[in-house]
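Take a look at the structure below.
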Amino acid sequence: MSKVAIIDFGSQFTQLLARRIRELNVYCEIFTPDVEFDLVKDSKAFILSGGPKSVASLAEIPKIVHNIIELNKKSSIPVLGICYGLQLLSNYFNSAIVSDCSKEFGKATLNIIKESEITKNVWEVGKRVDVWMSHADSVYNVPRGFEVIAYSVLKNVIAMICNEERKIYGMQFHPEVYHTTDGIALLSNFIKIAGCKTDWTMNSFLDEQQRVIKKQVGDKKVIAAISGGVDSSVAAALTYRAIGDQLHCIFIDNGLLRYNEAEKISQLLVNQFQMPITIVDKSSVFLNKLKSITDPEQKRKIIGKTFIEVFEGEANKIGGVEFLMQGTIYPDVIESGGAVGKESVTIKSHHNVGGLPDVMRLQLVEPLKLLFKDEVRLLGKELGISDEILMRHPFPGPGLAIRIIGEVTQEKIKMLQAADDIYINLIKKYNLYNIIWQAFAVILPVKTVGVMGDSRTYGYTCALRAVTSSDGMTAGCFPFGVDTDTKLIFYEFLQEVSNAIVNNVDGINRVVYDTTSKPPATIEWE
């Protein structure tokens with residue numbers, strides 16, 4: 001099986017880059033810059049990722065870059081540098097790197113000035129294309145032995161270079177990000193240049209993970225953290241296929257679930273999997289520990305720690321349990337700063353990862369931690385899981401606690417459950433649910449004055465969020481648009497939702513819609 005080695009210098013997009021390579025049915029692994037070179041020297045190609053550091057301030061080029069270039073000199077093994085990776089390659093080949101003067105973030109337009117194997121049948125000379133930039137440093141002059149493929153139109157920055165003879169390529173932009181035009185096609189060309197076999201599939205991943213789980217667990221018992229979401233459901237189905245009745249499924253009602261969630265999910269999972277599921281109501285425990293807590297990181301860590309404590313308690317009741325299964329996926333790990341490359345910057349802690357206590361009495365089984373959400377759904381289809389589960393919108397482990405900005409109270413939970421239920425039901429009514437990546441309501445810590453029935457009100461503000469995405473790493477505001485059957489337009493839909501919430505949910509007198517993309521915002525508010 002062909003392998004592409006990605007050297008991770010700390011980019012938030014590194015795991016997404018790996019996803020894009022696997023999407024091309026090519027196996028890839030991610031390594032830190034201090035990896036022993038013997039572990040990666042048999043790769044078919046190397047990709048140097050982006051990263052938050054500045055090449056301009058580096059004392060010396062990392063040893064791994066020297067080793068890769070030396071190997072390339074002997075064998076012409078293809079090398080691709082992205083953003084920071086481009087700057088490392090350029091600096092190695094005697095180009096100056098300058099800081100700040102030509103920084104670009106977000107959408108940028110390129111002018112293609114040269115043909116190349118990596119742009120073959122994708123971009124023609126003279127074409128202008130939109131890409132996604134995220135850099136403060138720039139390559140000042142053309143590296144020795146290289147030619148420029150493209151410049152940034154606005155800043156006239158070197159955006160793409162090549163040394164065709166040695167099969168070394170560099171991109172200042174991020175081809176792996178959804179918003180880069182033809183980014184996947186560029187990566188596909190790089191894979192072709194490397195001569196990689198396209199034989200890695202979700203079916204092969206399924207087979208391999210079953211072997212991994214069996215080897216890790218042996219004949220020991222596993223307790224499964226079931227939430228009813230896509231991730232935990234697929235993880236449970238995969239683990240159950242691997243070890244059968246050694247798996248014990250537990251559904252924790254933490255009091256932070258959506259309206260009637262516990263009842264709906266338990267019925268759905270039992271019908272789908274025919275596995276016994278124990279429902280444990282610990283809502284009072286979670287709510288008591290969250291009392292007076294307003295900081296989102298504290299909330300996440302408290303919920304994560306309590307989550308583990310409860311599961312350890314349930315494991316003790318079963319007896320002989322040594323493993324805890326969780327539905328952790330790649331974006332959870334990335335945003336917690338716990339990706340394979342440890343140089344990335346933490347965005348937020350996730351209850352499955354950043355909130356775990358340092359010392360645990362249960363070992364973790366995380367069969368999905370290498371997959372993105374869309375891959376998880378593909379794996380679910382391989383496992384025969386119904387669309388009713390697979391197409392559910394993502395729901396965070398900390399639940400409504402991070403959709404209530406500020407202190408979590410029973411009053412706010414009830415308000416949010418009711419408002420969110422109205423919003424989602426109207427989305428489903430107009431057949432929008434399956435084309436929206438994620439939609440939810442948020443209770444803000446802001447009260448505003450209103451008038452209802454000739455009386456003054458002073459109620460909470462509810463924010464609505466709906467986004468489009470393919471992987472959860474970048475996201476845009478869902479525009480609603482015009483439904484061809486109902487002719488419902490953006491404003492009319494939001495007005496219907498707003499009226500329904502204000503008229504039916506006590507305590508809310510104002511509704512707003514969040515139009516912010518990711519980045520700069522995250523999808524969740526906390």
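The backbone N, Cα and C atoms fix where each Cβ goes, and this holds for glycine too.
What Swiss-Prot records for this protein:
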type     : residues                                               : note
DOMAIN   : 3-199                                                  : domain 'Glutamine amidotransferase type-1'
ACT_SITE : CYS83                                                  : active site, nucleophile
ACT_SITE : HIS174                                                 : active site
ACT_SITE : GLU176                                                 : active site
DOMAIN   : 200-392                                                : domain 'GMPS ATP-PPase'
BINDING  : SER227, GLY228, GLY229, VAL230, ASP231, SER232, SER233 : ATP binding site
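Everything Swiss-Prot records as a feature, shown here on the structure.
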residue: CYS83; record: active site, nucleophile; CB count, 10 Å: 24
residue: HIS174; record: active site; CB count, 10 Å: 25
residue: GLU176; record: active site; CB count, 10 Å: 29
residue: SER227; record: ATP binding site; CB count, 10 Å: 23
residue: GLY228; record: ATP binding site; CB count, 10 Å: 21
residue: GLY229; record: ATP binding site; CB count, 10 Å: 19
residue: VAL230; record: ATP binding site; CB count, 10 Å: 24
residue: ASP231; record: ATP binding site; CB count, 10 Å: 25
residue: SER232; record: ATP binding site; CB count, 10 Å: 25
residue: SER233; record: ATP binding site; CB count, 10 Å: 27
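Between the CA atoms of HIS174 (active site) and CYS83 (active site, nucleophile) there is a gap of 7 Å. Note: the ATP site is recorded as SER227, GLY228, GLY229, VAL230, ASP231, SER232, SER233; in the same chain, ILE226, VAL234, ALA235, GLY327, ILE389, ARG392, PHE395 also have Cβ atoms within 8 Å of that site's Cβ centroid.
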